[in-house]
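Here the structure is laid out as structure tokens; the discussion comes afterwards.
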Amino acid sequence: MAFQSKKLINDPNDVVTEFIEGLIETYPGLQYLDGFPEVKVVLRADVSGAKYDKVAVISGGGSGHEPAHAGFVGEGMLTAAICGNVFTSPNVDSILAGIRAVTGPMGCLLIVKNYTGDRLNFGLSAEQAKSEGYKVEMVIVGDDCALPPPRGIAGRRGLAGTILVHKVAGAAAACGLPLADVAAEAKRASEMVGTMGVALSVCTLPGQVTSDRLGPGKMELGLGIHGEPGAAVADLQPVDVVVSHVLKEILSPETNYVPITRGSRVVLLINGLGATPLMELMIIAGKAVPGLQLEHGLAVDRVYTGSFMTSLDMAGFSISVMKADQAILDRLDAPTKAPNWPVGAEGNRPPAKIPVPLPPSHSIQSDKTLSRPEKLSPQGHMLEAAIEAAATEIVNLRDNLNEWDSKVGDGDCGSTMFRGAVAIVEDMKKYYPLNDPAETVNEIGSSIRRVMGGTSGILYSIFCKAAYAKLKADAESVVTALRWADALEAAIAAVSKYGGASAGYRTLLDALIPASSALKERLNAGDDPVDAFIISAEAASNGAESTKHMQAQAGRSTYVPGNVLASVPDPGAMAAAAWYRAAALAAKEKYSTA
């Protein structure tokens with residue numbers, strides 16, 4: 001039975017910012033950028049970007065994995081950590097703020113765990129930073145060994161082995177190596193490590209109920225770090241048996257995920273997932289070392305045991321095995337002041353926070369440009385009604401989306417979409433130039449980018465930016481139905497290009513692609529535009545429902561077994577169909593009363 005979990009928190013929406021405040025009070029060598037709630041960046045107190053004469057090493061991702069990533073900021077390891085909301089990729093503005101705050105002439109290396117939202121957000125940030133004159137390289141870590149290839153476009157997940165990559169890269173940067181060499185060492189380290197996790201319980205997101213997915217006496221094998229289902233559920237076994245199984249999966253010659261063979265030297269990392277006592281972790285370490293030595297013929301040169309990359313309050317552990325040579329061991333042994341590596345922090349206490357840096361050429365639109373017209377045109381009234389209806393539908397659908405997502409993802413699709421919908425409604429009242437459809441679409445994208453985060457946030461930002469560019473290409477003030485259809489088509493093409501998904505991948509595109517096709521078909525056939533809009537909305541709904549019968553090939557659902565996917569439709573597709581249909585109905589009602 002699901003039940004409300006007990007948490008020592010205040011507002012669930014404030015857990016990340018309050019965590020950062022406590023972290024800074026605890027470790028005087030750290031600071032944070034004063035940009036809450038949108039910008040949540042922890043950085044070294046002794047680094048100023050403009051003057052820093054070494055490569056900055058930056059990582060980050062969704063929160064809930066503490067001490068990763070902020071606990072590994074310090075001399076000899078990370079220069080900054082970008083913190084997203086719980087299990088949600090940080091937004092582009094946060095990542096750019098971190099890059100600008102710590103990157104000097106030597107440039108910066110972004111170390112990114114292989115999740116779609118992280119890849120997209122860090123990737124867009126890297127391109128923006130390059131356009132501002134920064135030197136930027138990115139290394140993606142996918143050390144998951146639990147699932148056999150292929151994994152669609154998603155690839156292997158980034159897990160606790162990423163921490164070892166942080167240490168290697170940080171030590172290389174501390175030696176003053178150029179960016180290309182630091183990136184090469186990090187990439188090599190990422191190719192040497194494999195990880196697999198085991199869970200005894202399901203984690204609980206702040207403010208939500210605990211799932212009853214995993215019953216008594218069961219354990220989950222091959223899970224990720226966001227609460228998503230594992231590769232398999234099995235009866236709980238003695239730790240000797242579990243550890244032996246995990247090591248065989250990591251070192252499997254069939255998958256050949258890590259280049260480790262008998263006689264290799266290795267490093268072992270035993271990682272608690274958040275609610276596993278140190279006693280149990282030490283027991284696991286005590287079984288893993290002889291297992292590697294006796295069963296697999298490996299020389300274990302280093303063992304690190306503790307909680308490095310958790311999943312909130314999940315009971316369980318992961319094991320990472322990295323092939324080691326003297327060069328890697330030297331990097332792992334190099335001194336660091338990162339508080340959770342573990343070493344003691346020392347030094348004087350600097351100011352707790354510093355301002356968010358602005359881009360080199362920071363331009364802000366005037367209040368006159370960003371204002372609601374005093375009088376709306378007929379097109380403005382219809383656009384307002386459609387936007388409000390679409391946002392209201394998403395607000396009302398939040399709990400259903402979260403419920404669906406809890407079965408096939410990390411359970412926050414509804415909450416993420418809800419944040420975007422609320423921001424759109426609030427911003428529309430003050431800022432949206434509703435008589436200008438192109439600029440209104442652009443402002444919707446800005447609202448989404450500011451508050452949503454995660455994969456949904458960046459994909460919808462790309463969606464709006466592409467639609468805006470298409471609408472803006474025509475100087476005519478009145479946007480015809482066919483121009484709206486062209487903009488929708490362009491937006492879908494951009495999301496497919498940058499996200500990698502297409503029809504049949506079990507994503508929001510499975511709702512929007514049928515809608516776009518139906519809309520174009522009916523308009524070209526001469527149908528009334530509003531009627532065509534309604535028909536295309538039905539196509540979107542049918543497309544979303546059809547995702548029940550699809551095997552996911554993008555996002556976190558890629559890792560979920562097919563029998564679980566078949567029980568619910570894709571939450572992202574259902575959300576897209578819902579707002580699209582609500583907008584169509586609102587347009588029809590406005591049109592009929594005009």
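First residue shown is number 1, and so on along the chain.
Just so you know, glycine gets a Cβ as well, placed from its N, Cα and C.
As recorded in TrEMBL, the features of this protein are as follows:
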ACT_SITE  HIS226  active site, tele-hemiaminal-histidine intermediate
BINDING   GLY62, SER63, GLY64, HIS65, LYS113, ASP118  substrate binding site
DOMAIN    11-341  domain 'DhaK'
DOMAIN    381-585  domain 'DhaL'
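Summarised as a single figure, the pLDDT of the domain 'DhaL' (381-585) averages 90.
Geometry remark: the residue listed as 'active site, tele-hemiaminal-histidine intermediate' versus GLY62 (substrate binding site), CA distance 9 Å. Residues GLY62, SER63, GLY64, HIS65, LYS113, ASP118 are listed as the substrate binders, and the farthest two of them sit 15 Å apart at their Cα atoms. Sequence-distant neighbours of LYS113 (substrate binding site): residues of the same chain at least 6 apart with a C-beta under 8 Å from its C-beta are GLY61, ILE140, VAL141, GLY142, ARG157, GLY158, LEU159, THR162. Annotation for ASP118 (substrate binding site): same-chain Cβ neighbours under 8 Å, separated by at least 6 residues, are GLY61, SER89, VAL112, GLY158.
Sorted by the number of other CB atoms within 10 A, the binding-site residues GLY62, GLY64 start with GLY62, the lowest.
By neighbour count, meaning other C-beta atoms within 10 Å, the densest spot among the recorded positions HIS65, HIS226 is HIS65. Contacts of SER63 (substrate binding site) defined by a Cβ separation under 8 A and a same-chain sequence distance of 6+ are given as VAL15, VAL16, PHE19, LYS40, CYS83, GLY84, ASN85, VAL86, PHE87, THR88, in order along the sequence.
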